[in-house]
Amino acid sequence: MANSRRTAAIIVAGGRGLRAGGGGPKQYRTLAGQPVIYRSMQPFCTHPDVFAVQPVTSPDDIALFEQAVAGLTHRPPANGGATRQQSVYSGLEALAKDAPDIVLIHDAARAFVDAALISRAIVAAQRTGAAVPTIPVTDTIKQVNGTNDVEATPDRATLRIAQTPQAFRYDVILEAHRRAAREGRDDFTDDAAIAEWAGLTVATFEGDAANMKLTTPEDFVREESRLAALLGDIRTGTGYDVHAFGDGDHVWLCGLKVPHNRGFLAHSDGDVGLHALVDAILGALADGDIGSHFPPTDPQWKGAASDKFLKYAIDRVHARGGRIANLEVTMICERPKIGPLREAMRERIAEITGLPVSRIAVKATTSERLGFTGREEGIAATACATIRLPWGPNGLSG
């Protein structure tokens, strides 16, 4: 991919978007808890080949903008104009002091752009100098007259739906905008149209059907439903386990053999951390508890390693088409000290479950010398598991 200093992005967010309803500019409304403009800017701000993101906003919306995109790295917003064309021109001029080679121009109302589409845009602009993402027209199109009578049926094989980000050599599109401003042309609805008017050949590259523009209240309702379906049925389960100390020189905790002056009194290896996690996962599935799946009266589990139990619980999630979102376990004991072992425990649980370490938390506390853990008679553990299951045909997960 090209050097990251070569490409900048303009995010056009100066419009009012009143057709979308909601009582304010649509780019500051939320979808699944995130502002639309955050969703549309974030992929550019984190793309390795985009060195600068130049937002364009209404001066009246600065406070809304700063709140909506908190945490993203971007240039100070340029002031938007009365039309989209004027807003883009403002963004182009704002980049002039540190001019990029390639500029991507993206509508803030397109909240589903992704890194792959951005990469395709950069490559297309490098290859052609002016390019627009498109998707095929699948409906039959009718051309009508002033009284809405059909005049023609264009061949849809020659038609495409244009999207953003549209990609250009910066110097070429800047000059096209400057010329349009000099000649009083402010009626272009996208930047590809300005490039065409200026005599440039505009290529196309593969767009993305999901990269739709949010325009009407119905668009927001539909996309909220779609995003909710993608999240699936989110469930949480909790678990608790305790084992008393007995004779021995080690204990098993979160999959690790930990030297200690006592051992556990247990049917299996007594790993309270993993047992609590197993119960939490089974609870999220509404699938009984560890004792119902691995009865302590069954001799086959005598001395069994608890990683088998955890793998079994994970397999139960996968068998229902689900996945683990997060696992958390809290160890409650005076000794052994958990702090020095915390990262090794996280890594061991990650190894057993196949999850990234970033989705596993291991915490520790004491009971302030109260109760059986305070008297060092044993160890307790609590756990929490968050899982996602797919929705079934009746709107419920299986």
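Keep in mind that glycine also has a Cβ here, set from the backbone N, Cα and C atoms.
Mean pLDDT, taken over the region '2-C-methyl-D-erythritol 4-phosphate cytidylyltransferase' (1-234), works out to 92 on the 0 to 100 scale. The annotation region '2-C-methyl-D-erythritol 4-phosphate cytidylyltransferase' is assigned in Swiss-Prot to 1-234.
Positions annotated as site 'Transition state stabilizer' by Swiss-Prot, on the basis of sequence analysis: Arg19 (among others).
Around the Cβ of Lys26 (site 'Transition state stabilizer'), a 10 Å sphere holds 26 further Cβ atoms from the protein chains shown. For Lys26 (among others), the entry in Swiss-Prot reads site 'Transition state stabilizer', with the evidence type sequence analysis.
Under the heading site 'Positions MEP for the nucleophilic attack', Swiss-Prot lists Arg156 (among others), citing sequence analysis as support. Counting every protein chain shown, 13 other Cβ atoms lie within 10 Å of the Cβ of Arg156 (site 'Positions MEP for the nucleophilic attack').
Among the features that Swiss-Prot reports, site 'Positions MEP for the nucleophilic attack' is placed at Lys213 (among others), with the record citing sequence analysis. Cβ environment of Lys213 (site 'Positions MEP for the nucleophilic attack'): Asp107, Ala109, Arg110, Gln163, Asp219 lie under 8 Å away, each six or more residues apart in the same chain.
Taken from Swiss-Prot, the feature region '2-C-methyl-D-erythritol 2,4-cyclodiphosphate synthase' covers 235-398.
Annotation comment: Swiss-Prot describes Asp241, Val242, His243, His267, Ser268, Asp289, Ile290, Gly291, Thr365, Thr366, Ser367, Glu368, Phe372, Arg375 as 4-CDP-2-C-methyl-D-erythritol 2-phosphate binding site. Less than 8 angstroms from the CB of Ser268 (4-CDP-2-C-methyl-D-erythritol 2-phosphate binding site) sit His275, Phe294, Pro296, Trp301, Lys302, Gly303, Ala304, Ala305, Ser306, Phe309, each of them six or more residues away in the same chain.
The Cβ of Asp241 (4-CDP-2-C-methyl-D-erythritol 2-phosphate binding site) lies under 8 Å from the Cβ of Val272, Gly273, His275, Ala276, Asp279, Ile290, Ala380, Ala381, each of which sits 6+ residues away along the same chain. What Swiss-Prot records for Asp241, His243, His275 is divalent metal cation binding site.
Sequence annotations record features per position, and here Swiss-Prot assigns site 'Transition state stabilizer' to His267 (among others) based on sequence analysis. The Cβ of His267 (site 'Transition state stabilizer') lies under 8 Å from the Cβ of Pro296, Trp301, Lys302, Gly303, each of these being in the same chain and 6 or more residues away along the sequence. In three-state terms derived from DSSP, His267 (site 'Transition state stabilizer') belongs to neither a helical nor a strand segment and is classed as coil.
The site 'Transition state stabilizer' annotation in Swiss-Prot covers Thr366 (among others). Counting only same-chain residues at least 6 apart in sequence, those with a Cβ under 8 Å from the Cβ of Thr366 (site 'Transition state stabilizer') are Ile332, Cys333, Glu334, Thr373, Gly374.
Thr365 (4-CDP-2-C-methyl-D-erythritol 2-phosphate binding site) sits 66 Å from Arg156 (site 'Positions MEP for the nucleophilic attack'), taking the CA atoms of both as reference points. One way to see the shell of the divalent metal cation site is to take the Cβ centroid of Asp241, His243, His275; the remaining same-chain residues with a Cβ within 8 Å of it are Val242, Ala266, Gly270, Asp271, Val272, Gly273, Leu274, Ala276, Ala380, Ala381.
DSSP assigns Thr366 (site 'Transition state stabilizer') to coil in the three-state reduction, placing it in neither a helix nor a strand. Put simply, Ser367 is the one of the binding-site residues His243, Ser367, Phe372 whose Cα lies nearest to the Cα of Lys26 (site 'Transition state stabilizer'). Within 10 Å of the Cβ of Phe372 (4-CDP-2-C-methyl-D-erythritol 2-phosphate binding site) there are 15 other Cβ atoms, across all protein chains.
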